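Down below is the structure, laid out as structure tokens.
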Amino acid sequence: MRVLWVLGLCCVLLTFGFVRADDEVDVDGTVEEDLGKSREGSRTDDEVVQREEEAIQLDGLNASQIRELREKSEKFAFQAEVNRMMKLIINSLYKNKEIFLRELISNASDALDKIRLISLTDENALAGNEELTVKIKCDKEKNLLHVTDTGVGMTREELVKNLGTIAKSGTSEFLNKMTEAQEDGQSTSELIGQFGVGFYSAFLVADKVIVTSKHNNDTQHIWESDSNEFSVIADPRGNTLGRGTTITLVLKEEASDYLELDTIKNLVRKYSQFINFPIYVWSSKTETVEEPLEEDEAAKEEKEESDDEAAVEEEEEEKKPKTKKVEKTVWDWELMNDIKPIWQRPSKEVEEDEYKAFYKSFSKESDDPMAYIHFTAEGEVTFKSILFVPTSAPRGLFDEYGSKKSDYIKLYVRRVFITDDFHDMMPKYLNFVKGVVDSDDLPLNVSRETLQQHKLLKVIRKKLVRKTLDMIKKIADEKYNDTFWKEFGTNIKLGVIEDHSNRTRLAKLLRFQSSHHSTDITSLDQYVERMKEKQDKIYFMAGSSRKEAESSPFVERLLKKGYEVIYLTEPVDEYCIQALPEFDGKRFQNVAKEGVKFDESEKTKESREATEKEFEPLLNWMKDKALKDKIEKAVVSQRLTESPCALVASQYGWSGNMERIMKAQAYQTGKDISTNYYASQKKTFEINPRHPLIRDMLRRIKEDEDDKTVMDLAVVLFETATLRSGYLLPDTKAYGDRIERMLRLSLNIDPEAQVEEEPEEEPEDTSEDAEDSEQDEGEEMDAGTEEEEEETEKESTEKDEL
């Protein structure tokens, strides 16, 4: 023990001597060296650049190598649209900067989806790196944030194309939508993901962005930008990634919060917990570990044990090394998301909030879904699916309807994402439904085109449609009428037209305005429940607005008798009803066409027949003489009460509303045979025998069939009925002339009286004529002055003589 004590004392003395020596060196130091410790404020521009380069050096590259890279790299200017878009993103989303991480992770997930899909047909695709992950690392010392994925990566050309240019049409649409959203006060943060420009949100928090990427078909390259321009150069380190992309952000001073581990973890959980690949964050944690004791501590412990224990002679055992418990900070990759897909879990185990969070994550929407359904289908094909109805219709829902990708269903095969670009996963009219489908029964190692033709896809589609209609049917009536129908009512009507197999189910989802209520909409089920006892048809009237429909002469008698009439006010409505022959055993009757009949007693029937006989001369005169080439026939009307007459289409002809719609078609050229056929069909002219105009016409034609005034009146009544019945007049000038003639007669003005001619305007004088006239006027004035002077002298002479 005494020897150990002496050795310890010697060590202390030696240490003290070294400290004194260091102190002497510090004292002898120069003033410049002391000042150099605090020269940050007086550094030159070159030193600032050097310090910056040192701060953002990449792994394996020092400051001089970074400088050399920048000098040799090829510089590019951003496309004009990209500059505009970046400015708009930065200015509009500066209050919601955190979405940058969501967009970078989303892009990483897309890259991983692509390489996994490629690997199904190319066994060497994953040779560079077997794992499929996203890793995030914060570097506080260097002010850097790294996001790395092992996805498909980018070639040099793709770096230039994907990160430096954008399709002009897409950019223009994005800018327009951003502007509209800002004007409407709506959130703009979701738009950047929907339009594929999320990468540029990195400049919300970064002064510089460095992208290192390795594609299987190219060497590793580095892309760098400060948002003003960008450069690309081959990575001198070679292939360090194996495959994939690392995005390095040099964070702005005010964005330093995004280097905090808790902040990054919370953002990943908030936005990306349902990404289908593991997301890791480089994290620290405190662990308690066993460490071997040092020799002095071990000897001391052994001595204490030998003093306390009694000497017992036992067989010697092998001595175990002595250890102690120590707390250490350990850094490792921490998994942040539950990578088991939510649709693979039983629906009973998934909370409503999880469905909402998953919907927002994969659809890039900010609102909760209106409805959702989670189910497992079994039978000919087994698959799991979650379907959602969004709260509002996606933008451009009917732009190029059916001709482009329009559905939002992501197809997975054995948890491997295949595509979201199938046109046939959902019918066109359900293009607003979003969701995922995952099946184990579909083949993996085939092309997308081959898979699209697979017979099982038709079975999947059929079940998806049925489940979707079940989901929509379960939406509460109030929510359905107030929200769903306003957003997606047109889709349901198109479904009735297009989907023959589900027409009956879709008909139950239809809603229309009706005469039953001034504002509320009604279903066909509700209409049938309110039908009169002997009513066998569902009556409807089509028009450009409710006001036009309910003021039409065709509904006068129906409303007076208490029949409910459905009002069709949208262009697609009449097509929809025409495609639906009946509902619940009741056929539809367009009240603007032939076939409207009422239940009548024997007495009423006799009275009607007597009226028809009384007006037979007028009806024949109209058909054979006054309106000979304009109508098919003239009859006494059963549907008119206030109007004098109406123009009724045949059962298979066009109503006024349909004719207006067909003639307004953008592709209408006037050469379509069927269109011309329907448009040229003559109509039935119905008269109201109780109207004073009609009764007076009957009296007049009995007196004189060739009365020109009555002939004019008949034509004016026909043309007025044409307009009131919803049709267009082929010759509006002739109609106007006839109205003028009728007004002249009513005011006792001679029909042949001509319009008074305007007085002729005096011709304008030329400059020479003006000068001549001024000269003549001057001479006349001079002559007049002389005559006045002579008369004045004469008068004065006469006064003198007197």
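Using the three backbone atoms N, Cα and C, a Cβ is placed for every residue, glycine included.
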Original post:
Which one of ASP149, ASP207 goes with ASN107, ASN162, PHE199 at the ATP site, as Swiss-Prot has it?
Top reply: ASP149
Original post:
According to Swiss-Prot, which of these ranges is motif 'Prevents secretion from ER': 127-130, 251-254, 451-454, 799-802?
Top reply: 799-802
Original post:
Where does the N6-acetyllysine label fall among LYS142, LYS328, LYS458, LYS479, going by Swiss-Prot?
Top reply: LYS479
**OP:** Could you say which of the recorded positions ASN107, ASN162 has its Cβ with the most other Cβ atoms inside 10 Å?
**Re:** ASN107
Original post:
So which other residues, same chain and not among ASN107, ASP149, ASN162, PHE199, have a Cβ within 8 Å of the centroid of the Cβ atoms at the ATP site?
Top reply: LEU104, ALA108, ASP110, ALA111, MET154, LEU163, GLY198, VAL211, THR245, ILE247
**OP:** Consider the recorded positions LYS479, ASN502, LYS633 and say which one has the Cα lying nearest the Cα of PHE199 (ATP binding site).
**Re:** LYS479
Original post:
For LYS633 (N6-succinyllysine), which residues in the same chain are close in space, meaning a Cβ under 8 Å from its Cβ, but six or more apart along the sequence?
Top reply: LEU619, LYS623, THR684, PHE685
Original post:
Distance between ASN107 (N-linked glycosylation site) and ASP149 (ATP binding site) at the Cα atoms, whole Å?
Top reply: 9
Original post:
Here are the recorded positions: SER64, ASN217, ASN481, ASN502. Which has the lowest count of other Cβ atoms within 10 Å?
Top reply: ASN217
